[in-house]
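As recorded in Swiss-Prot:
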| type | residues | note |
| --- | --- | --- |
| REGION | 1-96 | region 'Involved in homomerization' |
| REGION | 1-66 | region 'Disordered' |
| TOPO_DOM | 1-92 | topological domain 'Cytoplasmic' |
| MOD_RES | 20 | phosphoserine |
| TRANSMEM | 93-127 | transmembrane segment |
| REGION | 128-139 | region 'Extracellular loop 1 (EL1)' |
| TOPO_DOM | 128-139 | topological domain 'Lumenal' |
| REGION | 140-498 | region 'MBOAT fold' |
| TRANSMEM | 140-165 | transmembrane segment |
| TOPO_DOM | 166-170 | topological domain 'Cytoplasmic' |
| TRANSMEM | 171-193 | transmembrane segment |
| TOPO_DOM | 194-200 | topological domain 'Lumenal' |
| TRANSMEM | 201-232 | transmembrane segment |
| TOPO_DOM | 233-284 | topological domain 'Cytoplasmic' |
| REGION | 235-287 | region 'Intracellular loop 1 (IL1)' |
| TRANSMEM | 285-319 | transmembrane segment |
| TOPO_DOM | 320-326 | topological domain 'Lumenal' |
| TRANSMEM | 327-364 | transmembrane segment |
| REGION | 365-410 | region 'Intracellular loop 2 (IL2)' |
| TOPO_DOM | 365-410 | topological domain 'Cytoplasmic' |
| MOTIF | 371-377 | motif 'FYXDWWN motif' |
| BINDING | 385, 386, 387, 388, 389, 390, 391, 392, 393, 401, 415, 488 | acyl-CoA binding site |
| REGION | 391-405 | region 'Amphipathic helix (AH)' |
| TRANSMEM | 411-431 | transmembrane segment |
| TOPO_DOM | 432-439 | topological domain 'Lumenal' |
| TRANSMEM | 440-458 | transmembrane segment |
| TRANSMEM | 461-492 | transmembrane segment |
| TOPO_DOM | 493-498 | topological domain 'Lumenal' |
């Protein structure tokens, strides 16, 4: 026993104050007594002082690791992971980079604006804007032309009124509608080409108004025709039975919709597609309307200022490279014009499709406010044209694309026909006000058909979106320079050459 006690004491000397966790009796009891005497010296005569509880295991481990200096997990500081810019990392928060892009864009444009002011001074002249609409203050051909459009609106109404009561046959009504709609296209064009006092800008506004009226009245004619066809089918099915109208007390049915009030509401409503019962908002929100009106005024002034201060000098400086056929300078002028042209186009989009159309819709309590969709996310040319101008897109689908399919055309022919109609109106709104026919706008629109195929075939995702943006940023300045160059040569350079 003495040997075992000596061995135990020597073991205690080697391990220091480390607590033994072995159980047992005999010599082990002596070790426990020695340990308790060392740890609890205050156990005295009374023996009633509580012994301190042993430290928890995790605390002892932590103390041991601190004293050693290196823990088990501190030996490893690397793990399997990808860099943030790698597609496999799953990281998507690039808000700081987006803010950096915005800051750089602001600084770059601020430098260009300062350079423009230093080079040209202040070119903004509100009085000059009036001269773009009127040559003679006593001759207002464009406003008079727009007022005269009421003749064709009334003619359409009278034709439909007589068709509803059977005073005209469908064939005669179709003939009268075709003549009326053709006159809507040809009459303002003839006035714009023959009347010398009308300005290009005034002619543009008049032709745009007549184009909108053409689309609206063609939709008005189609919907009323469909209502007559449905009425004939309903009579054949019901065999003269009257349908209860209790469920439709607040709706208008054909031919009760044939009133001047209904037609002129449609003429002023921000849509090209006619319905007998439009969705209506419950009230006019005055604050919303005031914001839209202020936006209209602000962005109108901003567009005029940017055109006069930024675009006009750039276009004027581009004429000499075009005359000399200096291709490097032409490309430089083209890229320089691309920035202000694209910025003005974006402002125009917001001004027209958000501010103006929402203001008109709020005044008329027109409920359908989907005037545009997320065209800026377009990954194809087709998606862009389907989403940037919803009123025109709805009209094309309803009154052009689907009727062509019903007549037996395939989808490719119908889609090409839609682009052809769009190309016609683009050329119509540009060539006639400028009084020259170069077909640049028509060619640019028809080029969208092969361009859409190329983008769909070779570009996907973000690359497709980038391709759409490139066509928007570069394509429009090319058309602008083409028309401005030809207009300049036709009106200013020809006498010098002669």
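Note that Cβ sites are derived from N, Cα and C of the backbone, with glycine treated the same way.
Note that the structure is a prediction, hence the values are computed from the model and not measured.
Shown for the topological domain 'Lumenal' (194-200): DSSP residue counts in helix, strand and coil, namely 2 helix, 1 strand, 4 coil. Each residue of the region 'Extracellular loop 1 (EL1)' (128-139) gets a DSSP state, and the totals for helix, strand and coil are 6 helix, 1 strand, 5 coil. Summary for the binding-site residues 387, 389: the Cβ-based neighbour count within 10 Å is maximal at 389. The C-beta environment of residue 391 (acyl-CoA binding site), restricted to residues of the same chain at least 6 apart in sequence and closer than 8 Å, consists of 270, 271, 272, 273, 357, 371. Within the chain, the motif 'FYXDWWN motif' (371-377) has long-range Cβ neighbours (under 8 A, six or more residues past its boundaries) at 270, 349, 353-354, 357-358, 383-384, 386-391, 465. Largest Cα to Cα distance within the recorded acyl-CoA binders 385, 386, 387, 388, 389, 390, 391, 392, 393, 401, 415, 488: about 38 Å as a whole number. Note: the stretches the transmembrane segment (140-165) and the transmembrane segment (93-127) are not in contact (fewer than 3 CB pairs below 8 A, sequence gap of 6 or more). Here the listed stretches are 171-193, 327-364, 411-431, 440-458, and the one with the most C-beta pairs under 8 angstroms to the transmembrane segment (285-319) is 327-364.
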